[in-house]
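Student: This structure is in structure tokens; I'll ask about it shortly.
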Amino acid sequence: MCQARVKFEEQEVVTIRDLAFENTRTGRTGDMLPDKDEPNAMGGGGQGGLGVADHPSVSLFREYLRLKTVHPEPDYDAALKFLDRMAQELELPMKKVEVCPGRVVAIITWAGTNPALQSVLLNSHTDVVPVFQESWKYDAFAAVKDPKGNIYGRGTQDMKSVTIQYIEAIRRLKAEGRRFARTIHLTFVPDEEVGGHKGMETFVKHPEFQALNIGFALDEGLANPGESFTVFYGERCPWWITVRCPGSPGHGSRFVENTAAEKVRRIINSFLDFREQEKHRLNTSECLTLGDVTTVNMTMVKGGVAYNVIPAEMDVSFDMRIPPTVNLQEFEEKIQQWCKGAGEGITYQFAQKHTNQDRTSTADSNPWWKAFSMTCKAMNVSLQTEIFPAATDSRFIRAVGLPAIGFSPINHTPILLHDHNEFLNEQVFLCGIQVYQELVPALASVPALPGEV
Ligand SMILES: [Zn+2]
Ligand SMILES: [Zn+2]
């Protein structure tokens, strides 16, 4: 099933098993009508150029994309209101846990027939990263659909699609009258994009999290430009570091010794030389992916007050992502050497320093992985297993000892998360719902594990 073949450059070709307008959403026939106030793509292609209404799931996806849950001031109230409505429509209870002031985790629960068993968690974050609107083809929060069925918007890939796919899969399974042994929890968390401190990082320590009795979690992955889907069983550790370089101040006309800038230069050289080495390693080895090497990017420089005043201090910041195979203690020692070698008085500070390197087993002996991979196999969905190159909330879930897989059912799509013109084709999106319609039952039906009642 589920073979979406979409050619973006040429004519669109889509093959999907009875996808078109399968209306399992009873009582929502109103959704089959086009939204009156829907913004159209330039050239009038707002309904995909076919002159027909959106599939109800697509319409819901576009509605969710229009909520401005964008940093630095995400409209989380809008998201919670939307999720409240979803819970009502699904006829499932929704709990809200305020993990920090103004930061609420919403949990929709579909109880299993054997609630003593460990549950399955379907996690997604509600926030999205900012846009450079001038570089977008369309308003990044209008969810415009072009004539090819490509839906443009911040969050189409990261990760509002997945949120709606979970909800729609659950809606269809419920409509079919299915029940499963294990309880299914859908969590909707804030602040993933700013480090998760006031989101999942805090939530995993909350008694309400323990109470979910989770056995296995699904969270976001990345698009795959080819036919396969990529699944992530681990992540690189994000380290965000600021190196502070003090130096002798003075007049901008002199050769002052021991300036902050000279130290900054050595620091930058050390970090970026290492970046070159890692880049070379990635580019010269066929078997390495981005998740297998360390990336280093200089992302901020601060300091200085005037053109002619040599500053007493300068800061330089780097975003580093370190694979789980790297010894973190040795890596930090390397940073210490770089700092020591760059001059007197240099200090550093972490804004993000994840150190848990747990990976989720992708062996058949892991019953969760077995259920996941066998289901994909049965659907003819081929999987590529990788280390996630960036970071997701899965790292906090794995850090409390739970297995988690990062997966966004998006193939035939360029990776555009955090980029301009992030988009997802509606057929690929719809296909992903079908993938969850198979995956969720399989996971929620994993037989009792040793130690479970
Ligand atoms: Zn994300
Ligand atoms: Zn992101």
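In case you wondered, yes, glycine gets a Cβ from its N, Cα and C as well.
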Student: If I go by TrEMBL, which of Asp84, Asp146, Asp158 binds Zn(2+) 1 at the same site as His125, Glu220?
Tutor: Asp158
Student: Same Zn(2+) 2 site as Asp158, His418 according to TrEMBL: which of Glu193, Glu201, Glu386, Glu452?
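Tutor: Record check against TrEMBL: Zn(2+) 2 site with Asp158, His418, extra candidate from Glu193, Glu201, Glu386, Glu452 is Glu193.
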Student: Within 10 Å of His125 (Zn(2+) 1 binding site) (Cα-Cα), which of the recorded positions Glu192, Glu193, His418?
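Tutor: Near His125 (Zn(2+) 1 binding site), where near means Cα within 10 Å, the recorded positions are Glu192, Glu193.
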Student: Tell me the coarse DSSP state (helix, strand, coil) of Glu193 (Zn(2+) 2 binding site).
Tutor: helix
Student: In angstrom units, rounded to an integer, how far apart are the Cα atoms of His418 (Zn(2+) 2 binding site) and Asp127 (active site)?
Tutor: 12
Student: Given the recorded positions Asp127, Asp158, Glu220, state which is nearest to Glu193 (Zn(2+) 2 binding site) when distance is taken between Cα atoms.
Tutor: Asp127
Student: If you measure from the CA of Asp127 (active site) out to 10 Å, which recorded positions from the list Asp158, Glu192, Glu220 are inside that radius?
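Tutor: Final answer, ordered: Asp158, Glu192.
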Student: Ligand 2: which of the recorded positions His125, Asp127, Asp158, Glu192, Glu193, Glu220 have a Cβ closer than 6 angstroms to it?
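Tutor: Checking each Cβ against ligand 2, the ones under 6 Å are Asp158, Glu193.
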